[in-house]
Amino acid sequence: MEFGRLITAMVTPFNDRLEVDYVRAAELANHLVNTGSDGIVVAGTTGESPTLTKDEKIRLFSTVVDAVGDRASVIAGTGSYDTEATIELSRKAKEAGVDGLLLVGPYYNKPPQEGYYQHFAAVAKAVPLPIMLYNIPGRTGSNIIPATVARLMAFDNIVAIKEAAGSMDQVSEVVRLARPDFKVYSGDDSLTLPILSVGGHGIVSVASHLVGKEIQKMIAACINGNISEAARIHRELYPLFKGLFITSNPICVKAALNLLGRPVGGVRLPLVEANDQEVAAMRQLIESYGLDASCQETVA
C-alpha cells in the first residue's frame, strides 16, 4: 500500500456544542484532497484522539472513507496505551474500510523497548492492514529507538514510521536500517525537507490544511533533484510551519481554519481555545501568505 508523500493529519470538526460534525468532516476531507493531500490521518493527535469516543472514531473513519473514495489513502489513528483496545479499534477501522493504521507508541505507561516491540507485533499479527508506526516521545514520554523499529520491519504489514522525535540522527539511523520498501515520514512540517534529504519519503502534515499544494511542490522539487527550489519553498513556508505550533496542536490550525471561513469549531478540554494573541498571530500568518478559504483548491 502506497500512502502517498503528503499525508494530512486532519483536525476533527466540532459544532457549537463540541459534538463531532460529520458533515464538515467530509467537506474538510474533500478539501484536503483537492489541495494536494495524498492521504488523510483520521483521529490522530491533530484530530484530538484522546477526547474522541470509540464510536466517534469509528464513525469518523467511515465518514472520511466515504468522502474521499479512492482519491486518497485513509489512515486510522487507532493506537493507545492498551494493546487489546488498540487491536479492537483497529479491527473496527478495517471494517470501516480504511487503508491503513497509525499506531502511536503507548503513552503514560512508558513500556521498555521489548514492550514496544510486543505491542506493535501483536497488532500487526491481529489486523491485516498496513501499519505506520508513530514515534513522538515529546508526547508519549518514551522513545522508540531505531533498533526496535528495525526489529518490527520483520512484519510485512509494518510499512512506515511517522518520526517526530525531532532528531535527524534518529531519522538517519532508521533510514539506514530500513528495508527497501519501508517508508520514513517526517512528523514535523519544519523538518520535511531535511528528512527528505536523508532518504525520508514524505510528511504527515498539519500545515497542509493551509498550504498543501506548496508542500507538494517542495516535495516534488526535492525528489526531482531541484534542491535549490525545494529549499526556497522550505524557507518561504518555515514561518508558517513554526507559527502553527506556538501553542499546543491543534489549537492554532483550528483557529486559522475558522478565520479563513472554513469552520471546524473549537477544541475539547483539556485543550482550550486560542487566546487573543494566538488568534492575532494566526490572522497575521493568513495575511502574510495571502490565504483564503479555498487554499488554492482544485476540484477533481
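Even glycines carry a Cβ here, placed using N, Cα and C.
Note that the coordinates shown come from a computational prediction; the quantities given were computed from them, not determined experimentally.
Straight from Swiss-Prot, the features:
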SITE      Thr45  site 'Part of a proton relay during catalysis'
BINDING   Thr46, Val204  pyruvate binding site
SITE      Tyr108  site 'Part of a proton relay during catalysis'
ACT_SITE  Tyr134  active site, proton donor/acceptor
ACT_SITE  Lys162  active site, schiff-base intermediate with substrate
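Swiss-Prot feature annotations superimposed on the structure.
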residue : record                                               : Cβ within 10 Å
Thr45   : site 'Part of a proton relay during catalysis'       : 24
Thr46   : pyruvate binding site                                : 22
Tyr108  : site 'Part of a proton relay during catalysis'       : 9
Tyr134  : active site, proton donor/acceptor                   : 27
Lys162  : active site, schiff-base intermediate with substrate : 27
Val204  : pyruvate binding site                                : 30
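Looking at Thr45 (site 'Part of a proton relay during catalysis') and Tyr134 (active site, proton donor/acceptor), their Cα atoms lie 10 Å from each other. DSSP assigns Val204 (pyruvate binding site) to a strand in the three-state reduction.
When the C-alpha distances from the residue listed as 'active site, schiff-base intermediate with substrate' to the recorded positions Thr46, Tyr108, Val204 are tabulated, the minimum falls on Val204.
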